[in-house]
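Now, the feature entries from TrEMBL:
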type	residues	note
DOMAIN	209-457	domain 'GOST seven transmembrane'
SIGNAL	1-28	signal peptide
TRANSMEM	210-230	transmembrane segment
TRANSMEM	242-262	transmembrane segment
TRANSMEM	277-299	transmembrane segment
TRANSMEM	311-332	transmembrane segment
TRANSMEM	352-374	transmembrane segment
TRANSMEM	395-416	transmembrane segment
TRANSMEM	428-451	transmembrane segment
Amino acid sequence: MTPMASSRLAHVVAALLLTSCALLCADASVHDYTGERFVGSGNAFVLYGGSEGVYATSKAGAFIRFEKVAFRRTPESAAAAEDDGNRTATVTAVIFEAGHRDAVGGTDVSGERALCCTPRMAKLGVCTEGAVMYRAWNATGWPKVLAASFLPGGLEAAFPDETVAVSRTGMYTLLFVHCDASLAGGQVAAAGKTIWKNSRGYLPGRMAPLVPFYGVMSLAFAALAAYWFAQYARFWREVVPLQSCATLVIALGMVETATWYLDLAEFNESGVRPRGATFWAATCGALRGAVARVLVLAVAMGHGVVRPALAGLKSARVAFLGAAFFAAAEALEVCENVGTVSDHSPSPARRLFLVLPAAALNTVFVYWIFSSLSKTLNKLKARQMTAKLEMYRRLNNALIIAVAVSLGWITFEIHFKSTEEYSERWRAAWVIPAVWQLISFSLLCAICLIWSPSQGSTRYAYSSSSEGEDVERDLEDTRPLIRPGPLSYVDTWAISVSQDATKIILRTDSGVYAKAAGDGGKRV
């Protein structure tokens, strides 16, 4: 097998794995094949059996166990096999590690890739015509190959209930392959399941590090909530509506991280992923993201600080954008997580279809937030509201840092996924979602520090009497030029100015009062 042919074959195997992931709908590390069917791939027919990172140690055994795995063909396909003289049809199960992917399949003399042995290759004596091609990788005994055959006239081929021990840590893939044209066109239905377990539990290797991570994140959210609620209780009379919205974001974050931790811990312990917990964790994450973006946008517009409320049409637009983002994020999170047990991502086309709406709406949020923030900063400068201006500058700096880090991490994620075609860096893949959680949590902490309830919280709230005045005074100076004395009720009065224009004279029935005409340049 030439290096070029091996590379082409490896690319085809990887493409097959990625595109066939969408066909698998299992609800645990127990991969259930009931109702699954083969799809054509080159000169072979393949059913994707699963792919997981497996941690293996000498102390704790890791394995892939076959339980009642069987395939049933239709009577018509059995009769067709009889007519073609092919009295025995075989389904082969191949288990291989990502680093040994070149050991599965081969190429003929024309350079065409193939999983099944072609007549031309059989004449060269390198394989048996109609059989799956593979070769042993050194002396390890991998890839592991099991076979189940349809006997003449038989309708079912069953694999023995066998356990394949895994002694080396790696990304393992299971493929069911047959080379019989009489079984094409959905003529074979699968049944049974395989159970995958590594030395750390049932959780697939790529997800395993997320259990302690979400445990730590739950504690971090609990610490932030303790600080926030302590301030909230201490200065509850000073709390403004925007701070109540921040409380909702913190509460959703606590529920989200705690639910993710319980979901993955239960999956790791029992081997069955609780769909309900996964759904609620994904929903809380999508809702938290939507509420947080709407809150930041409202603050950037000056809601409750520079203006009493958003205008009706603008408020409706903000609400619509938040609802649309929640729907897009919910669809993405549910599709990627609910029922997902394989360490391979969904098909690129399907994931792109879900990612693009969420990314587009997120871009709209970012643009609207910064454009609104710029207008609010200019307004605060013009009104010389120094305290509010400083607060908004700190918020602007925090958002700029968060966006810059996010753009950098997006670039890294694209590079990581585009260069990790065969999932060989699966042990580091958990860092991708973990850093997104850290970015959002850090921004939330910054906002909570800037906007935390305090004794002067109400100074930052909107007040109609502070329009055009410095926020350090917040209340307009309404002191009168002439302070009233103990005057009795009068029926008539008159005001005049002295001849030298230095005094203002007030004449009433009870007496005459004089006041210097100048008082700091203020007019009566």
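Glycine too: its Cβ is placed from the backbone N, Cα and C atoms.
Automatic prediction, not curation, is the source of TrEMBL annotations.
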**Criterion met for the transmembrane segment (242-262) and the transmembrane segment (428-451) (at least three Cβ pairs under 8 Å)** = yes
**Request:** Using Cβ atoms only, state whether the transmembrane segment (210-230) and the transmembrane segment (428-451) have three or more pairs under 8 Å that are 6 or more apart in sequence.
**Result:** yes
**Request:** Using a Cβ cut-off of under 8 Å, list the residues of the same chain at least 6 residues beyond the transmembrane segment (428-451) that approach it.
**Result:** 206-210, 213, 217, 220-221, 224, 227-228, 242-243, 246, 249-250, 253, 257, 289, 292, 296, 299, 343, 391, 394-395, 398-399, 402, 405-406, 409, 413, 416, 420
**Complete:** Long-range CB partners for the transmembrane segment (277-299) (under 8 A, at least six residues beyond its ends), listed in sequence order, are 242, 245-246, 248-249, 252-253, 255-256, 259-260, 262-263, 266, 305, 310, 318-319, 321-323, 325-326, 329-330, 332-334, 337-339, 362, 365, 368-369, 372, 395, 399, 440, 444, 447, 451
